[in-house]
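Structure, as structure tokens:
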Amino acid sequence: MAGRSASVPSPFTSIRLILLLVVGVAMGSESDSKIDIGKEWEKELRLPRDVVPIHYDLLLHPHLHNDTFYGEVNIVVKTTKPTSHLWLHVKHLNVIATKIYRGKVARGSETDKESLEVEEAFEYPLHEFWVLKTKEEIPPGVYTLAFEFTGSLKNGIKGFYASSYRDSLGNTRKLATSKFQPTHARWTFPCFDEPSFKSTFKVALVRPSSKYSALSNMNQLSEEEGVPMDGFTTVHFNESVPMVTYLACFIVSDFAHLQGQLHEETGQVVRVFAPENKIEDGRYALDIGINITRYFEEYFDIPFPLPKLDHIAIPDFLGGAMEHWALITYREPFLLYNPETSSMGDKQRVATIVSHELAHHWFGNLMTLEWWDDLWLNEGFASYIEYKGVAQYETDWDMDTVFLADDLQRILRQDAGLTSHPIVQVVNNPDEITELFDSITYAKVGASLLRMLEFFMGPEDFRLGISRFLKRFAYKNAVTSDLWNDLTQEWKRKEDGLNLSLIMDTWTRQMGYPTLNVRDDGDHYVITQERFILNPNDTFDPNESPFMYRWEVPLNYKTSIEDHEDEILWLHLSDESLKIEKPEGCEWIKLNVNQKGYYRVNYPEDMWRRFAELLVDNHTALSAGDRSNLVDDAFALAEAGKLSYEIPLHMTKYLKYESHYVPWRAAYVNFADISSKTYTLPFFGDLRSYLSRLAEPILNELGWDVREEEGLIKRLLRSHGIHLACRNGHKGCLEEASKRLKAWITNPEESIHPDIEKAIFRYGMMEAGDQKTWDALWTRYLQEENSQKQRRLLYGLGFTREPWLLHRYLHYLKNTSLVRDHDFLPTLQSLCLNPVATGIVWDFFRSEWNYLVGRFTLNERILGRTVPVITQDFITPFQLKSMERFFADNPEAGAGARARETAMESVRNNIHWVRSHAPVEKMRIWGYSLFSLAFIGIVVESTERMAQEDFLDGTTDRRGFGWHNNYNYYNQQAGGYGYGHGYNPYGSYGAGGYPGGYVEIKDLGRLLNICVAVLPA
């Protein structure tokens, strides 16, 4: 595509000369020749398009005894112009032989072929290139590049690497495995490691002859025992379909497997591999994997093209899973499910990840992005289609509504700042490419925008367009505009003048999203749009966006009288407003039904109040998705200064009637965010009291004991109710968690249901986390073989309140024989859920920075993203300064550069929020102070009780305080505690407050003590 191969100046140009003088040329180079500054391979980060790989003939021999490997590869290439220099990717390899032949030369047949003379071959490490120079210029044609090389299996858990596990006898068993996406195939063999190069692969792997097997993308063709030496077997695989380097996969292990059949008539087998002592835990993944593969074949109208499909659980694996074609690798807990030891959340995670990786076999593998700036074509579609795959198998999981909690509402928060990024953006070097694998790429387009696209196109037109696109680009590369073109061809519901490319460009080529503001002019609802920014102090220049931060917005709606869910209206980026006729007697209009659109909606204040009343009176009048949408939007708009916190806090009163997990999840996430900002403030305890009482209906109704007939929604709700109560100091909850933890520690026969294990480990440790309890839990972790329970134990250990135990824990975490590499950073992040640990972890992270970089490298995006997790609860300028100093002292961020910007922005937002919502001297009772409004939420139950006892004037009904225009009625009738036009804790009560609703607060703690005092017993 035009512009894809344009010259991109290296960001390292200014330091190139210094690096070359200091570092010299390649390690393991065949030549000590000097590099001429200004050569093409020095100026370009991308490989040239005039040398194209056609075929790889590859041999790999992992030496498991000493964690090294030997390899040979012959690469058939086609050149289109005369040249004397060719280059490709290499990193972390010792290239010991480089040759070039005319024509196609199979590996092993070189002895009777005459090679062209290679004048020199060297590594250019700055761009991760291996350069070879021929003595004479070679004309265009077909050539074979032949390499012999060695490497290490100990370069972390990327590339070709070593892993291990303990068998049922406690013996350590070793294996070699691989993970190449996005730029790590070059760590394993010399290659053209960019997604636009699709080639066929012929692979041979050497394995120990006894007990071990070898796996690659294709099915086995043959094997040679005793080759290359006694005790080893060389396994040959069939030639692959055309694919990119990052999809290649090589595994040598002693795993067992389960097997099923995709289609009897085709003979295609599906297998799940795992250590023998865990293989039965792969049964669920096998069953759902076969079902979802068949579903995707039907949905896309394209058969699965390969002769076999393997899923394999890897003991050491950074990330969740990887979609290597027909050999999908997973971290163990994301593939294996055991009803006795796995939670319902674990089961959901296995299902969605299996579905996600299978979706990639069409989006990403069959059709591949042209360059990484279109990464969303891979990850976006897999992140959306995964929900369809799971929903048709687990029909009672309500996956479309669960999607709101798991993806949409989470990403709306992340995309509301100035450090977000467009989905389609320019990336060049490996750090930028790695950094692009973030939630904006996965969840914004992946699930959210594609879900909105399907909503306005219609499900069948959307499906037909996707199928057309995949068929046209099978075994080829595509860009975003290709997808829009094919979808347009199938959009039968399209109205005149609508341009799908323009519509979607407004969402993919600028960051952020809009708020739709609703105004009632009497006869119409008038809708306008503006960019939503979480921090009201932030400013931006509309000219930095090609669309001035305006969007083509599809919307549907329902009113108190009529349902227009299936009617699509458009608010165009050039429209000043959109008018919807208001039906006679209509009380409210709800836009964005079931939150199909990627935006927020702000209603007039009186309409927000009517929504709150509706939720209390008859919450089932709105779907669970709409209830969750209202709660989440209200909290976000309050944080952005667009709405009083009174609204979302009063809205949460209805939750005592709510039985669906997703609306509760929306409230839980927002309350957790508020709690994290107020942890060090004097009135935090009273806020916790309110939240712990809020969770009581769940605890009372569902209890702690899980019933197996309960579905996903109820079981997730129980877990969240326990977390909400225990996290906020609910005495009964903490005591129960502590009691169950102690019983489990002292009695080996005692069991904890996996659904509540995480809560018991965390809050039992918080309540009873002395050294004896901590040591007992650590011992259980060391003895545990189930990877899901191991993770829960690791996270629970971080909830002790003893600082010295936390320091010791961090020391233990560094021991790679005790904690696997892939568990280290997630465990470090989980520690920050414990307020006692946050400062300790931040000190550790800064003091151990060189160690962390040495262990994980700057290219590890999870390392970079640990920064915003650790600092997410920082609320003071002093803490912000500590971040600035650390970043100044350590300017190289690698794949974590944007994460640092996000962290800084988040802390600045926190500082602004605290200054805005926690005033010292004055607060507006009906304004923006959270804590006065927390009081309103707290006192609702008391108001209702007093109304029932005739303390009030009879006008307050089940809604609590009825939204009177004059809020003095509570003061006048209840005789105290008032939240009307004024409250002075040191003087008069009732209407005698300061003008405009201001009151002098000399003891905010006392006010909140009063709030808690009126809570019903």
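The backbone N, Cα and C atoms fix where each Cβ goes, glycine too.
According to TrEMBL, the active site, proton acceptor annotation covers Glu357. If you look up TrEMBL, you'll see His356, His360, Glu379 marked as Zn(2+) binding site. Residues or ranges marked as domain 'Aminopeptidase N-like N-terminal' by TrEMBL: 52-247. Among the features that TrEMBL reports, domain 'Peptidase M1 membrane alanine aminopeptidase' is placed at 284-507. Sequence annotations record features per position, and here TrEMBL assigns domain 'ERAP1-like C-terminal' to 588-909. Annotation comment: TrEMBL describes 1-28 as signal peptide. Under the heading site 'Transition state stabilizer', TrEMBL lists Tyr442.
Summarising model confidence by region, the domain 'ERAP1-like C-terminal' (588-909) averages a pLDDT of 93. In this structure, His360 is the one among the binding-site residues His356, His360 with the smallest number of other Cβ atoms inside 10 Å of its Cβ.
A Cα-Cα distance of 10 Å separates Glu379 (Zn(2+) binding site) from Glu357 (active site, proton acceptor). Within its own chain, Glu357 (active site, proton acceptor) has His311, Ala321, Met322, Glu323, Ile328, Tyr330, Ala382 as residues 6 or more apart in sequence whose C-beta sits under 8 angstroms from its own. Taking all protein chains in view, 26 other C-beta atoms sit within 10 angstroms of the C-beta of Glu379 (Zn(2+) binding site).
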